[in-house]
Amino acid sequence: MKRTSNRNEEATAKLSSSTTITTTTTNKYYNMANAEKSSKSTTISNLIPKYSLFNEPNNDNDTNSSTRPNKQQKLLKSNESTTSTTTTTTPITTTTTTTTTTTTPNLSKYYNYNLYIEKQNEKQNLPTTETETTTITPTLTTTTTTTTTTTTTTTKQIQNTTTSTINHFLPLIIQKEIIFLLVELGSFLNARKVCKYWKKVCNGCVENLNIYFTDIHLSASVKHVSEVFVKSLNSDYFHLQSVSFINGAKNSISYSEFYFNNVILPFIENVVRYNQTIENFTIKGFPITRINNKSSQQLLPSYKLYHSTSVPSSPPPPPPPPPPQIQQPTITAPTSTTAIAVSSTTTTATGQTLNNNNNNNNIPKGLNYYLTNNFKLKKINLKNIGLDSRDKFDFFSSLSSSVNNTLETLIICDNIGDEGMQLLSVILIKNLLKVLKRLELQKNQFTNQSAYYLNKVLSCEQLQLETLNLSSNRIDEQGLIMMKDGFGRNKSLKEFIFSKNRLGNTDSVDFGKSITSLDLHDSMVGSKQSIKGLSQYLKFNESITSLNLSFNHIGSNEAIKSLSKSFAVNQTLKFVDLSFNKINSNFGLDHLVSSLLINHSIHSISLQSNQIDNTSAITLSQLFNSSRQLFSPFKYLNLSGNKIGIGGLKKLINDLSKYSKTHIIYNNNDDNNNNKNENENKSKIKNLSFNNNNNNFVKIIKNYHDTIPIIRTINNSNGKNLLEEEVEQVINSSSNDTNQNDNINNENNLTEISIDLSSNSPLEVSKVIGLIPRYKSKLTFADRKPVKKYKLVKLLF
């Protein structure tokens, strides 16, 4: 008592404007009751109070209140700063910030950090508690400590202050990921700029956040970090929309069982459980249940768990009670050899029963429950989370425990197999996910047995599913035939992704009448029968706008001819991808060009990495003639990865005299010749004539792959694309016409054509510029004045 009172008197006599008290985090074996009993004989530095998310203000005027730990407040309330009183009359307002580490020393659980600091200060002759306070800025430190900054003010200042301070600082483990993200995206030049504008960054700039859990060692400090993080999410950072928890090691968990079960998993659970603002959650590479390799196989064979000998592993949880054995009614699928139960009570192959009831008392409150019953979430993304048979049952039981009116996107990429598809189909058929629009089930090893359940899901009229992704599974033509009836009944599905499956040799192809986007990338559609069935489907479809047939080896003349006939009939397609199909002038290119001349709806086509040479380029040049451009001008033509030379390029750009603005965008990979090539291009530009009436403006943009994605994503205050605004400025500066009704500023007259010629045979930009013809003006019959149609052409090299 004397020692503590002397310290208080010294602190009052000095009347410093601010002091800093450093305390250590608690361990899980600390007893709060014993600490209160021995508080009279314990100094401030030796006390290790448990941290909580919110501390209640302590209004007790007892002289020993400064040595007592704050009361615990477990409920989420307001984010007011905590206040405490001492024997002096000066109130103290405390604000708590937390910093975590990138690398920490190997400390034991019972290590007292205060004793270590006091010894270091004694060696350096520094005071242990009194330091100057400066402006708090997030910095990358190398120790895991919790710093409490106390600011002393007068009683009059406290009475005049009515608003509480707000904590604008995230823990360092979160700050580090934001800094790396912002520097990588180019929003800031270096990490110092991010720290300087940290408040602005947290409040307005950050929308997506990835957390990798690197170098986590102390369980108590990480628990406190998660509490501070949850408080910050719900009180300050309203612009944050997505949080991702990612295992950087992919198929291995480089943490012991103790740390994963007591540090990482509780961190994720706290964020999901108390979430009030975040709409999108992603978990990639982490199991969503406790792991214990000795008692159960909860990790996939691809996972590798590294055990730590320095930390005792947690005792294995008691084994779950055996599930009730219920005799199942059977409905035999057409191609399945096992009994399948589809009723109000679903029994899986392991004998577990999935009931649809609203009683949540029997469901364990873990990450499964918090994910599926958090009605703030609109998107759940689970990839490679190591679900075994028991985990599948627990997850889908939690998902079926109540009706969800907020979840719009569900992504499960974790090899859930046919058993998981059976459990999910019961939930979808009963329409427990009322507003689900997007369902992605790629890489789940689905077979034709899953196609049977998918057919029932597609046949459900109450389910308003718009996007279905079944890529990278094992469904073949027989499974697609089983789903044919569901496609015919479904009226809401707009996008179907069936890439990397086994469509095989079948002419029975029908994806329904409501499909607008169809992706059959790398699905073995190159056979004569499958192309015949697909062509027949395209002829009678009146809704499809996008078709992806890349990597299907459709290089035969008969296959291209059959597909071209469907293009000539269909008048709704806008984008077609025929990349990597060995198409050339000898194998169907003439038929393809003829059909595109008849079809006036297709404005974008990709012929990347085929066998197109100069002869084929001459055939493709027919797409830019006057009649085709009059009805529906092309906007995009991808010819990259082919063998087009100067002769073919000259034929392709022969009709560029219609355009007044030409962008030649190329990618120069030779760093040593950058200056040389740039000087050559500038000299060629100077040699071009720029007259008032017949001119052709040329703009060179180097390194297309580095600049174009940024230009296309950033808009100005007027809502226009920066590239379009730049074009309009060049056009306006080159015109001498003072007529206010001129069509120069009309955006409808500014169209865009992109021709991608990258990765072809060497094409020198200086020669390409010389091939561009001049602009030819046209006269109108009404006023006999020249009218310019300002259009944009982009040649990509």
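Using the three backbone atoms N, Cα and C, a Cβ is placed for every residue, glycine included.
Record note: among 1-20, 341-360, 721-740, 1-20 is the stretch given as region 'Disordered' by Swiss-Prot. Among the ranges 307-333, 658-684, the one that Swiss-Prot lists as region 'Disordered' is 307-333.
Beyond the repeat 'LRR 2' (406-425), the same-chain residues lying 6 or more positions past its ends with a Cβ under 8 Å from any Cβ of the stretch are 300, 340, 342, 346, 348-350, 354, 375-387, 389, 392-393, 396, 433, 435-447, 449-450, 453-454, 456-457. In the repeat 'LRR 1' (376-397), the DSSP tally of helix, strand and coil residues is 9 helix, 5 strand, 8 coil. Here the repeat 'LRR 2' (406-425) returns a mean pLDDT of 93 for the predicted model. Note on the repeat 'LRR 7' (543-564): DSSP counts are 8 helix, 3 strand, 11 coil.
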